[in-house]
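Annotation source Swiss-Prot lists ATP binding site at LEU36, GLY37, GLU38, GLY39, SER40, TYR41, GLY42, SER43, VAL44, LYS59, citing sequence analysis. Residues or ranges marked as coiled coil in Swiss-Prot (evidence: sequence analysis): 290-310. The compositional bias 'Basic and acidic residues' feature in Swiss-Prot is assigned to 303-312. The domain 'Protein kinase' annotation in Swiss-Prot covers 30-281. Summarising the annotation, Swiss-Prot assigns region 'Disordered' to 303-332.
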Amino acid sequence: METVQLRNPPRRQLKKLDEDSLTKQPEEVFDVLEKLGEGSYGSVYKAIHKETGQIVAIKQVPVESDLQEIIKEISIMQQCDSPHVVKYYGSYFKNTDLWIVMEYCGAGSVSDIIRLRNKTLTEDEIATILQSTLKGLEYLHFMRKIHRDIKAGNILLNTEGQAKLADFGVAGQLTDTMAKRNTVIGTPFWMAPEVIQEIGYNCVADIWSLGITAIEMAEGKPPYADIHPMRAIFMIPTNPPPTFRKPELWSDNFTDFVKQCLVKSPEQRATATQLLQHPFVKSAKGVSILRDLINEAMDVKLKRQESQQREVDQDDEENSEEDEMDSGTMVRAVGDEMGTVRVASTMTDGANTMIEHDDTLPSQLGTMVINTEDEEEEGTMKRRDETMQPAKPSFLEYFEQKEKENQINSFGKSVPGPLKNSSDWKIPQDGDYEFLKSWTVEDLQKRLLALDPMMEQEIEEIRQKYQSKRQPILDAIEAKKRRQQNF
C-alpha cells in the first residue's frame with residue numbers, strides 16, 4: 001500500500017507545516033522511509049508527509065546546548081523562499097533530538113554525484129550548476145544573510161537537475177552552538193582569507209568559497225585538500241589565490257570566472273549579481289544537460305544498495321543457520337533500527353549534507369550571519385570590535401583548545417614550579433621553561449603537589465559550567481512535553 005502511495009504525485013504541495021501538525025508527535029505527521037546518511041551534526045532521513053504524500057528530508061540533530069539560539073536561527077529560515085534554496089518546512093523537538101523538516105532533493109549533493117560516478121564534471125555541467133548557485137547566493141545576500149559554508153557538498157540537485165543551496169545557517173548554526181565532538185575538525189579549504197583571519201567579512205566571503213567549489217567540481221577536491229588543515233589555515237591568507245592544477249585543460253572563460261571569485265581583497269571581489277553576467281555563466285545550458293549524470297549516479301547508487309542488501313540477506317541466512325544449529329530454534333538476525341541499508345562510499349571529500357557516505361573531513365564551519373534592522377545603515381561588513389562580531393571559526397577554537405591542553409599536560413607532568421598559591425600559576429608563554437632550572441628540588445616537588453588541587457578546582461568549574469547549560473535544556477524539554485500533553 002505504501003508503494004502505491006509513493007508512486008502517486010503529491011495530493012497538494014507542502015509549503016510549510018501548520019500549527020496543528022507542529023503540536024503532534026512527528027511520527028503522526030510523517031512516515032520515515034529510510035536513512036539517507038550521516039553528517040557531523042546528526043542523521044538525515046527520507047520521509048513522506050502523510051497528509052500531502054510529499055517526500056521530505058528530516059535531519060535528526062542531538063541538541064546538547066544553546067537550545068534557544070538554535071530555535072531562533074531556525075525561525076529565521078522561514079523567511080527564505082527561493083527556488084534556488086532548499087525549503088524549510090518546520091521543526092520538532094522529540095526527546096533530546098531536534099527534527100528539522102526540509103525539502104528533499106532526490107539526486108543528492110554535487111559531491112555525492114562526483115563520488116558515485118567516480119569522475120569530475122565538465123565545464124558545461126559546472127556552468128549550469130554555478131548559475132543556479134549564484135541565483136541562490138544573490139537571493140541570500142539580498143536578504144542580508146551570509147551562507148559561509150559554500151561547497152559541493154552543500155549544493156543539492158533534484159531529479160530534474162535544479163541546483164539548490166542547502167545547510168545555509170541551520171546546519172551551520174547547529175554545529176556552532178552544539179557541544180563540539182573531539183573527532184570533528186572544521187576544514188578551512190573553502191573559507192575566504194578574511195574569514196580565517198577574522199578581520200571582518202561580508203557577503204562576498206561566499207564568492208571566494210564558490211570559486212573554490214568551482215575548482216572542486218572540476219578537479220574532484222579543493223586546493224590544499226592534500227595537506228593538513230592546520231597548515232592550510234596559514235597558507236590560504238598568505239599565499240596567492242589558488243588556481244587549477246592544469247590550467248591548460250580549461251577554457252579562458254572558466255579560468256577568468258574562477259579568477260574573479262578568488263580575489264583576496266573583499267572590496268575588489270565580484271558579487272553574485274555581477275558574476276551572473278559573466279560570459280561563463282551567461283552561456284550556461286539548461287538543467288536538462290544534468291539529467292544524464294544524475295541518472296548515472298542514481299543507477300550506481302541503486303546497484304550498490306542492491307548489492308549490499310544481498311550481502312545483508314546472505315548474512316542473515318548464515319546467522320539464522322548457525323543459530324538453528326546451536327539452539328534448535330530459528331532466530332532472525334536483527335538489522336539496523338530503520339531496516340535500511342546505508343551506502344558506503346569509494347571517495348570522501350568532507351562533504352557534509354544529505355549524503356550516503358562517511359566523512360573524513362566533516363565541516364563545522366557554516367554560520368549564518370544575520371544583521372538587524374539597526375545595522376542597515378552600517379552595511380554588512382563586521383569588524384572585531386563591533387558588538388555583533390563574527391563567530392570564531394570552529395577549527396581555530398579546536399586548535400586553540402588543543403594547544404592549551406597540550407601546554408597544561410606537558411607542564412603538569414615535567415615542569416611544575418614553586419608558587420605559594422596555585423591560582424597564581426600562569427602557563428609559560430612560547431614554551432619558555434628556562435626559569436625552572438633555577439628552582440630547587442623541594443620547590444619543584446611543591447609545585448607538583450599543587451597540581452592536584454588545581455585539577456580538582458578546574459573539574460568543578462567545568463561541572464558547574466556544564467550544569468548551567470544543561471538545566472535550561474531540561475526545562476525546555478519539560479515545557480515542550482507539557483505543551484504536547486495539553487493537545
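Start at 1 and count along the chain as shown; that gives each residue its number.
Each Cβ is built from the backbone N, Cα and C atoms, and glycine gets one as well.
The structure displayed is predicted, hence computed values, not measured ones.
Mean pLDDT for the domain 'Protein kinase' (30-281) in the predicted structure: 85. Neighbour counts of Cβ atoms within 10 Å were compared across the binding-site residues LEU36, GLU38; the minimum falls on GLU38. Counting other Cβ atoms within 10 Å of each Cβ, the binding-site residues GLY42, VAL44 show the lowest value at GLY42. The residues of the compositional bias 'Basic and acidic residues' (303-312), classed with DSSP into helix (H, G, I), strand (E, B) and coil, number 10 helix, 0 strand, 0 coil.
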